Amino acid sequence: MMIWIITISILVSLSSNSWFIFWLMMEINMMSFIPIMNDFKMKNYNSMITYFIIQSFSSSLFFISSFQYSLFNMELFFSLINISVLIKLGMIPFHFWLIMISESLTFYSLLILLTIQKIIPLLIIEKFMNSLMIPLFIMSSLLASIMAMKYKLIKQILIFSSISHQGWILCLIAKKMNFWVSYLMLYSIIIYSIIINCKEMNFNKLCDLTKKKISSKMKNTMIMSMMSLAGMPPFIGFFMKIMAIFFLMKMNLIFMMILIISSLINLFFYLRILTPLFFINSKFSIWSFNNMKSNFMIKINMLLLIILINIFF
């Protein structure tokens, strides 16, 4: 029921240009997500309260700033609108609340938080973009990559990975590139595969992989998904990054280099996750024809690659 309300709120936002409608849909979105977080554990109640307080504060800031901007058209209020949305997205330096609630989130609620819940704030950023925020987006992407290296909980690593990818998406939005929609969709498909596998394997910490017996098919799918998220060729994540670089070529060269460096750092902590997988059931070859034939993620990668080539070439 709640997921349908969230979907409707997103569809209404897609068809609106009014800041008031955006604000109203964000509130509906927030109130619909809170019951999804609830699994009747004390940790979850604390997380729900934290989420509610942060989202209420950012929504209030957005409402007041938008109202004042519509009256006085001052740059200060325009910047505050952007800041309020960045708080909702959990971009650095406003990411602390995401880390606080991450441990108590279920994999299902984490998936929604990292994908669907970002759509309305990103639509608002597209309407109220301040180009002065671009350096913040880029530094947020870099810092998220660096900070992820000290964490060992998979949910926290995925959150920092999401923040890093958000930096790319926000830069695409800042440059008025509609490719950000495709980037978000491809990222959502990849992260869906990873989170579903983590849930099936009950994978919460990096050390868990060395203690669990994992089926070859599941291991293979996880490796493919992580390599795609890392942007390794020939997976769809690589072409996603290449297309983003192509569209951002006109941006400041230093900024572009920082984004690429952040992706290379991301590759390091993705490899931290992948390394144990390569040594589980080592007799299994991930490139064997039978396993490739049955592997869902390979089919998805091939399909998305064909679609991407047809769209852009």
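Including glycine, each Cβ sits where the backbone N, Cα and C put it.
Remember, predicted model here, so these are calculated numbers, not experimental data.
As recorded in Swiss-Prot:
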- 3-23: transmembrane segment (TRANSMEM)
- 47-67: transmembrane segment (TRANSMEM)
- 81-101: transmembrane segment (TRANSMEM)
- 105-125: transmembrane segment (TRANSMEM)
- 128-148: transmembrane segment (TRANSMEM)
- 153-173: transmembrane segment (TRANSMEM)
- 177-197: transmembrane segment (TRANSMEM)
- 220-240: transmembrane segment (TRANSMEM)
- 253-275: transmembrane segment (TRANSMEM)
- 293-313: transmembrane segment (TRANSMEM)
Candidates 81-101, 105-125, 128-148, 153-173; stretch with most C-beta pairs under 8 Å toward the transmembrane segment (253-275): 128-148
Stretch of maximal Cβ-Cβ contact with the transmembrane segment (128-148) [cut-off: under 8 Å; candidates 3-23, 47-67, 81-101, 177-197, 220-240]: 81-101
Among 81-101, 105-125, 220-240, stretch most in contact with the transmembrane segment (177-197) (C-beta, under 8 angstroms): 220-240
Chain residues outside the transmembrane segment (105-125) and at least six past its termini with a C-beta under 8 angstroms from it: 3, 6-7, 9-10, 13-14, 19, 22, 25-26, 29, 33, 36-37, 39, 47, 62, 81-82, 85, 88-89, 98, 155, 158-159, 162, 166, 169-170, 173, 180, 184, 187-188, 191-192, 195-196, 198-199
Other parts of the chain folded back onto the transmembrane segment (81-101), taken as Cβ under 8 Å at six or more residues beyond its ends: 19, 26, 37, 47, 50-51, 54-55, 57-59, 61-62, 65-66, 69, 113, 118, 121-122, 124-125, 128-130, 133, 136-137, 139-140, 143-144, 147, 156, 159, 163, 166-167, 170
Remote residues contacting the transmembrane segment (153-173) - C-beta distance under 8 A, at least 6 residues beyond either end: 89-92, 95, 98-99, 102-103, 105, 107, 110, 114, 118, 122, 125-126, 129, 133-134, 137-138, 140-142, 144-145, 147, 179-180, 183-184, 187, 191, 194-195, 198, 203-206, 229, 241, 244, 247-248, 251, 255, 259, 262-263, 266, 269-270, 273
